[in-house]
Amino acid sequence: MVCIKSFANDGYKLWLQYNHIQDKQIRTSYQSNIKRIIPFGNSETIKVALKELELGLNGMLGSKVLSGTKNNIESNSLMFGSESSLNEIVKNQLGNAFNEINDEGFVIKTISIKGKNQIIITGKNDVGVLYGVFKFLRLLQTHQSIENLNIIDAPKIKVRVLNHWDNLDRTVERGYAGFSIWDWHRLPDYIDSRYRDYARANASIGINGTVLNNVNANALILTPQYLEKVEALANVFRPYGIKVYLTTRFSAPIEIGGLETADPYDAEVIAWWKNKVKEIYSKIPDFGGFLVKANSEGQPGPQNYGRNHVDGANMLADALTPFGGVVMWRAFVYSEHDITDRAKQAYSEFVPYDGQFKDNVIIQVKNGAIDFQPREPFHPMFGTMPKTPLMMEFQITQEYLGQSTHTVFLPKLYEEVLQSDTYKKGKGSTVAKIIDGSLDNKVLTGIAGVSNIGNDINWTGNPMLQANWYGFGRLAWNPYLSSEEIADEWLRSTFSNDEKFVKPVKDMLLSSREAVVNYMTPLGLHHIMDTGHHYGPGPWVSDLSRPEWNPVYYHKADSLGVGFDRTPSGSNATAQYAPQVASKFNNLETCPEEDLLWFHHVSWDFKLKNGKTLWDGMALKYQEGVDQVASMISIWEEAKPYVDEERFSDVYMLLNIQHKEAKWWRDACLLYFQEFSQKSLPVGVEKSTQTLDYFKSLKFTFAPGN
Ligand code: BDP
């Protein structure tokens, strides 16, 4: 049977569509297993779990599921509650499942009471129960069997946060989905229902924290006026297991505290932060802590006072320690006064501090050493600093990947980074094992995703990019999940379970990341986007004051060839990796071709593995990227019968823009690099109908997110 189109759909419901299950056999099997839902306990978290189950089951099964109480467990109930709420009969049937989970984990098990099958969803705490409820609903959303369940699962990473680069005026730095969802002006009295839906969505994928404001912080967020607003949000999020965190401006003691300095050694400054933290916890007892961007891109920091990152981070950590808060200190630093390769600077600056940070400090490191490019080799810091907890910072918003118009399925990128082998402790020392703490026995572990959420009706500006929020959350829960699994469950929950839809669209998602690499930055090219807004190609830009802000700094094209030599004959950035990794990258024979120009400056005639010259190979990659987008469009056209009109046409229009822009990238970059290579385009690569001057003349004064 062909799936019936669902009703008009603006995408607001994300992956929590809970569409009526059309397949009668599946539906009746679910109905016969869930005759009643029975909550154990009545905390706020259990109440939201009950509400979610009612919403989900009523939607999917199309009939109202009865609720019951502990005392009327009859046939085939779905029971849920934390360990302490369970009676002996239930507990006995769970064996030692509780020993296998942590505080946020859950157990979903089919047990027998009064000779009848019952399903129990439990955890050590209510929030684990809530995660279990969402997992259970997902089983139904993806049409899986709920007979004989025995699922035990728990998150592998402790701090799983979104980073909102949201300003207090509601603009969003690098935001492409409208304005900030935080209505600061009307908080704390006006609670937008969207805050709850935001929390539901995050809880459904296991995200347990949110940093509300931009890393380029405004000190005002720490004033009593704003802390009241933050408190109101924290109150909404609490039942969903979501803690709030704030970014702090290092100079806040001066800006809002009336002090003359923010020197972390100054007694008054230390006292100011201690009091400020106390004030925050008096309003928000479960406040998560601070995220800090210091001495980076002009932000103030301890170095303004001749101190270092350790001094700054530890001072804040001391203030937070009595309350259990953490400091997420960012390692995204590079300086215009440092003439060494920008890719080396964070490592050079931070690695000597290994072991000096307090226990509640975690260093937040971007996935690669430059800045969220379509492809970057993993950040060398992950392969070192054994005594310091390191957390991952991924970007979900697509600053450098076509922003919210281009469909790029990012879990593929995240997976590639997480599965990279650092060789920190020999073969198999993947980034995932560093992030989840298993390699170095770390207690404090974390992962952050720079959010792609705004107040657009569909949250992310493009319905397909909801998958990146979803995928980030799923990988934060379990960094070993495959991108394919994530694509599969997201598509089924968000659109349709019909195989004729799922299979091709999944292939489309999984190839979309390589497509963007091909039409923007093939073979290891990087940071050649137009500057400032980073929208569109700008490999020619060379006039910015800071050398490392210019694309020419990164590609180094000349008449002989192209690429950044980071081997020992060049910047020697490869020396920051373990010897096994460094030698792989150094050697032209073993360096993965996808990273070639990241690590090597090679001639235009360099022979690629397929026998083509670098120039021909590069041109063909650009063309391949364009062709890939064309086939994404064809796949989407075929998907039409399975998708509601609104989301279908939204995505369709956006894919067409992506196609147009992929050609723009191909043409602008090839015309530009051709000036150096002086070679003609190989057969199969379409010629530009415009001149290089035309591309250079394009200006986007009001490009978003800038
Ligand atoms: C870059 C962005 C900039 C951010 C910065 C950061 O262009 O807007 O403030 O990173 O991460 O990617 O601090």
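Any Cβ shown, glycine's included, is placed from N, Cα and C.
Keep in mind the model is a prediction, meaning the values are calculated, not measured.
According to TrEMBL, the protein has these features:
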- Glu297: active site, proton donor (ACT_SITE)
- Asp371: active site, proton acceptor (ACT_SITE)
- Glu399: active site, proton acceptor (ACT_SITE)
- 14-136: domain 'Alpha glucuronidase N-terminal' (DOMAIN)
- 140-459: domain 'Glycosyl hydrolase family 67 catalytic' (DOMAIN)
- 460-684: domain 'Glycosyl hydrolase family 67 C-terminal' (DOMAIN)
In whole Å, how far is Glu399 (active site, proton acceptor) from Asp371 (active site, proton acceptor) when you measure between their Cα atoms?
-> 10
Tell me the Cβ neighbour count for Asp371 (active site, proton acceptor), meaning other Cβ atoms within 10 Å of its Cβ, over all protein chains shown.
-> 18
The DSSP breakdown of the domain 'Alpha glucuronidase N-terminal' (14-136) into helix, strand and coil residues is 54 helix, 25 strand, 44 coil
Do you know the mean pLDDT across the domain 'Alpha glucuronidase N-terminal' (14-136)?
-> 94
Fill in the CA-CA distance, Glu399 (active site, proton acceptor) to Glu297 (active site, proton donor), as an integer in Å.
-> 17
Fewest other Cβ atoms within 10 Å: which of the active-site residues Glu297, Glu399 wins that one? Let me know.
-> Glu297
Three-state secondary structure, which DSSP defines for Asp371 (active site, proton acceptor) = coil
